[in-house]
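The feature NADPH binding site is assigned by TrEMBL to Thr13, Gly14, Ser15, Ile16, Asn127, Glu129, Gly213. TrEMBL lists Lys128, Ser154, Glu155, Ser184, His207, Ser220, Asn225, Lys226, Glu229 with the feature 1-deoxy-D-xylulose 5-phosphate binding site. Summarising the annotation, TrEMBL assigns Mn(2+) binding site to Asp153, Glu155, Glu229.
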Amino acid sequence: MSRVQRITVLGATGSIGLSTLDVIARHPDRYETFALSGYSRLDELLALCLKHAPVFAVVPDEAAAATLRAGLDAGGSRTEVLTGERGLCAVAADPQVDAVMAAIVGAAGLRPTLAAVQAGKKVLLANKEALVMSGALFMEAVRRNNAVLLPIDSEHNAIFQCLPGDYARGLDRVGVRRILLTASGGPFRQTPSAELERVTPEQACAHPNWSMGRKISVDSASMMNKGLELIEACWLFDAPPSRVEVVVHPQSVIHSLVDYVDGSVLAQLGNPDMRTPIANALAWPERIDSGVPPLDLFAIARLDFEAPDERRFPCLRLAREAAEAGNSAPAVLNAANEIAVDAFLRGRIRFPEIASMIGQVLEREPVVALDSLDAVFAADQRARELAGEWLTRHGR
Ligand code: NDP
Ligand code: MG
């Protein structure tokens, strides 16, 4: 490789952002940070700027910018501070940038991620919600702008590694029968339905295998995360939902599998540490050290598999139905889920009500075609309003 690659990390203060910076810091000969963004954790963002010395830092507004600038000045840093979505889009699309890690959580990540795509960047996609909301437009933008889209989600990164290089020709042409998407089952895999009524946000966020942000942790507990990932897989690998099967695998050692027509099934294994898919995508098609210790199969000793229970985890069924309905349904599902998860984390609704609320929003919102980004955000907004009405109707 000829020169040091300049990386923008959107969502640098989050779980994926920090893992990305850990990998980058191991390879100063290959990578340097161009821009880092944060939202509420300004102290962390300041510390990251002082450590990694990016050209730009991005915060939500002028008040946050003033706070960050004061800290940067005191630390003798020359990092320049930008604000808001415009700032995020600017550092995602800057001509000096080689790759963008899209690790903002939720719909807030869509425009900046698309800005990176439209600028034809190498885009490392962690922000699955962006693809779920606007899959058709997003993939079309990838093709039109010759962007290189590399999946960070561990399952999708595993599938990417198990597929041949020319899989974009079509799954049938490369002999793929099914994609097997593994799921840990989350912290409530064995919790009886009746007890799900009483689980707390802290229990939901205590994932058995992965350490992640709070929103995705709740998604993992409800299995909506697997539902979003099912939709994500359909877009990334041009697969109909019927070709993607969810397999619960509690150890999270196999990160997903590809089943070929000749009976071969290829799997990618590794310790559950996001630095592996991050390093894989950063260096692709090369391989670099990620800091993840080697897999100890003797310590793991066994790998288990079971079918998902869509009765206890109706979010998975709702997501599959939304995937099949296509058009605006996944955007509506995603927006209703964001409101539901936020309400659950604030103690306003009980855990099973996440699925009830999303189901009712999906029933009330007609499925429409999404032919523009405005249409995507309009569907997102309507779903948020319906979810808000659900909360009011239920006195929350
Ligand atoms: P975190 O909550 O840990 O981090 C989210 C990041 O987004 C933080 O930097 C946060 O800033 C920033 N952010 C939050 N809200 C906004 C907003 N409105 N505008 C701009 N920035 C915002 O989440 P994770 O790192 O766990 O997840 C990030 C994405 O990656 C999600 O889409 C998730 O689904 C996906 N993902 C995560 C995995 C994981 O292991 N964590 C695995 C696979 C996918 P601040 O913290 O300063 O408020
Ligand atoms: Mg995942």
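Glycine is no exception: its Cβ is also placed from the backbone N, Cα and C atoms.
Features recorded in TrEMBL, as mapped to the structure shown.
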{"residue": "Thr13", "record": "NADPH binding site", "Cβ contacts under 8 Å, 6 or more apart": "Ser37, Gly38, Tyr39, Arg41, Glu44, Leu45, Leu48"}
{"residue": "Ser15", "record": "NADPH binding site", "Cβ contacts under 8 Å, 6 or more apart": "Ser211, Met212, Gly213, Met274"}
{"residue": "Ile16", "record": "NADPH binding site", "Cβ contacts under 8 Å, 6 or more apart": "Met101, Ala103, Ala126, Ile152, Gly213, Met274, Ile278"}
{"residue": "Asn127", "record": "NADPH binding site", "Cβ contacts under 8 Å, 6 or more apart": "Leu10, Gly11, Ala102, Ala103, Ile104, Val105, Gly106, Gly109, Leu110, Thr113"}
{"residue": "Lys128", "record": "1-deoxy-D-xylulose 5-phosphate binding site", "Cβ contacts under 8 Å, 6 or more apart": "Asp153, Leu228, Glu229, Glu232"}
{"residue": "Glu155", "record": "1-deoxy-D-xylulose 5-phosphate binding site", "Cβ contacts under 8 Å, 6 or more apart": "Leu181, Thr182, Glu229, Ala233, His255, Ser256"}
{"residue": "Asn225", "record": "1-deoxy-D-xylulose 5-phosphate binding site", "Cβ contacts under 8 Å, 6 or more apart": "Ala183, Gly186, Ile216, Asp219"}
Fill in: Cβ neighbours of Gly213 (NADPH binding site) where a neighbour is any other Cβ within 10 Å
18
Discussion item. Return the residues near Gly14 (NADPH binding site) by Cβ distance under 8 Å, restricted to its own chain and a separation of at least 6 in sequence.
Written reply: Ala103, Ile104, Val105, Gly213
Discussion item. Checking proximity to ligand 1 here: which binding-site residues out of Asn127, His207, Asn225 have their Cβ closer than 6 Å to it?
Written reply: Asn127
Discussion item. Rounded to a whole angstrom, what is the C-alpha distance between His207 (1-deoxy-D-xylulose 5-phosphate binding site) and Glu129 (NADPH binding site)?
Written reply: 20
Worksheet, complete the sentence: For Glu129 (NADPH binding site), the nonlocal same-chain Cβ neighbours (under 8 Å, six or more residues apart) come out as Val105, Gly106, Ala107, Gly109, Leu110, Leu228, Asn334, Glu338
Worksheet item: Among all the protein chains here, how many other CB atoms are within 10 A of the CB of Glu229 (1-deoxy-D-xylulose 5-phosphate binding site)?
Response: 27
Worksheet, complete the sentence: Excluding Asp153, Glu155, Glu229 themselves, the Mn(2+) site's Cβ centre has within 8 Å the residues Lys128, Pro151, Ser154, His156, Asn157, Leu181, Asn225, Lys226, Glu232, Ala233, Ser256
Worksheet item: Under 6 Å from ligand 2 by Cβ, which binding-site residues from Ile16, Lys128, Asp153?
Response: Asp153
